[in-house]
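Okay, so here's the structure we're looking at.
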Amino acid sequence: MVILVHCVMGQIHWTNLSTIGIIGTDSSHYKIMTRSSHQYLVLKLMPNVSIIDNCTKAELDEYEKLLNSVLEPINQALTLMTKNVKSLQSLGSGRRQRRFAGVVIAGAALGVATAAQITAGVALYQSNLNAQAIQSLRASLEQSNKAIDEVRQASQNIIIAVQGVQDYVNNEIVPALQHMSCELIGQRLGLKLLRYYTELLSVFGPSLRDPISAEISIQALSYALGGEIHKILEKLGYSGNDMVAILETKGIRAKITHVDLSGKFIVLSISYPTLSEVKGVVVHRLEAVSYNIGSQEWYTTVPRYVATNGYLISNFDESSCVFVSESAICSQNSLYPMSPILQQCLRGETASCARTLVSGTLGNKFILSKGNIIANCASILCKCHSTSKIINQSPDKLLTFIASDTCSLVEIDGVTIQVGSRQYPDVVYASKVILGPAISLERLDVGTNLGSALKKLDDAKVLIESSDQILDTVKNSYLSLGTLIALPVSIGLGLILLLLICCCKKRYQHLFSQSTKVAPVFKPDLTGTSKSYVRSL
């Protein structure tokens, strides 16, 4: 048994569209960032240097003073907010006490606070770790010498802990203890800590102005993480392809929820989205090549991106999307309806595809698709590099499709391209393609056309008002006009009737006189007739 499978290229008629210069250059899956998840990340700013404590005490003390200058203002703002946000356990008194979840803010103690700061303060209160969890976290970090570690709490929540300078201490300083003097080790660690402090200042500097509502991007946080951003994202469960999209869309954000001055660490609440692929939706990218009709250069106006799902075709707004490795990842829904005329255009009815003049802007003169060159050789120089012959395009042709059977090595617009076997027809003749209506996209042209249309509408309005006045005049004089017409008609009919009566009367009299007149030579035969009958005669 042989099963024949027919491969459907999609709902878009690429063959017909290619005749008017529309080429599909790329197709991507459609993914949306759904509701964000939250993960705690602890950034330990002071490395564990118990092995080399004697050599680095002075450098660590100086570094600690610098850290306090950054951490103390942030800690004061966080403490002020968390102390003045309390849980609202109940309302009312007695047996009929109503209980519900919520928080209440002591506005008098806070003083001036914006709506964003109050909202961030409530979120800070709800996401803040309790004192017991902080104490357990501090003890775990003091015993850890790993650059990246996972700390499991009693509630089974996993906290990712990062020690920014610990890798340098473990891999550079400790192995060099036998080869370098104690003073040199202290100097090297001091330089590293000073550099790390400048990175911290660049990351958390904005938080000094507004520690409550300030957000930190994961890109900025990567400096404080010691360049371990990929490992952190892998801990959050992102794949390699998704990782690039998440970073480009700045989907991962972090907020400071706690500062521990004694342990010298910061607790960050990281918000990261979940990617969800919309099955069946394919996003297509369209490119337009200009074509010539006589001396005028045109191109077809189509959206840059469209999406297909089954038989449906819709518009696609790429402003909130990032395109990476066969995927379009968007921070919101980017699909919206498409007009029926544009759908007919994409399904192959070229008469429904609008076109506009290439004026003042440089459009695509050629494009490489499926190994073939689709070019408007009437507006640019197309030359076969192998034979040094010019590839001409006659005026009755819209486009020229160049493949290896025409020329294997093509020089076009100063670029030399090696083409493959033929995938498109040789040429497209203007007489065989039904072109769509011409429109203007330039702002000045659109404004001029709109002004002309408005003027024509005003002129038409004046003419309509004049015609209405004429119709009103005719309507008012309808009875007098009818009377004037009926009067001569009635007189004429009366005269004709009298004339007919006279003619008929004369004709009747003439016939009657002929029927009663007796000829004088006529003598009746009265033989055998009685005298009385003769007398009667």
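Quick reminder: no glycine exception, Cβ is built from N, Cα and C everywhere.
Listed in Swiss-Prot:
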SIGNAL    1-10  signal peptide
TOPO_DOM  11-483  topological domain 'Extracellular'
CARBOHYD  Asn16  N-linked glycosylation site
CARBOHYD  Asn48  N-linked glycosylation site
CARBOHYD  Asn54  N-linked glycosylation site
COILED    125-153  coiled coil
DISULFID  Cys321-Cys330  disulfide bond
DISULFID  Cys345-Cys353  disulfide bond
DISULFID  Cys377-Cys382  disulfide bond
DISULFID  Cys384-Cys407  disulfide bond
COILED    449-474  coiled coil
TRANSMEM  484-504  transmembrane segment
TOPO_DOM  505-537  topological domain 'Cytoplasmic'
Integer average pLDDT (0 to 100) for the topological domain 'Cytoplasmic' (505-537): 56
C-alpha spacing of Cys384 (disulfide bond) relative to Cys377 (disulfide bond), in angstrom: 12
Rounded Cα separation (Å) that holds between Cys353 (disulfide bond) and Asn54 (N-linked glycosylation site): 79
Inter-residue Cα distance where the pair is Cys384 (disulfide bond) and Cys345 (disulfide bond), in Å: 34
Asn48 (N-linked glycosylation site) and Cys407 (disulfide bond), distance between Cα atoms, whole Å: 69
Asn54 (N-linked glycosylation site) and Cys321 (disulfide bond), distance between Cα atoms, whole Å: 53
Cys321 (disulfide bond), number of other Cβ atoms within 10 Å: 25
Euclidean distance between Cα atoms of Cys384 (disulfide bond) and Asn48 (N-linked glycosylation site), Å: 69
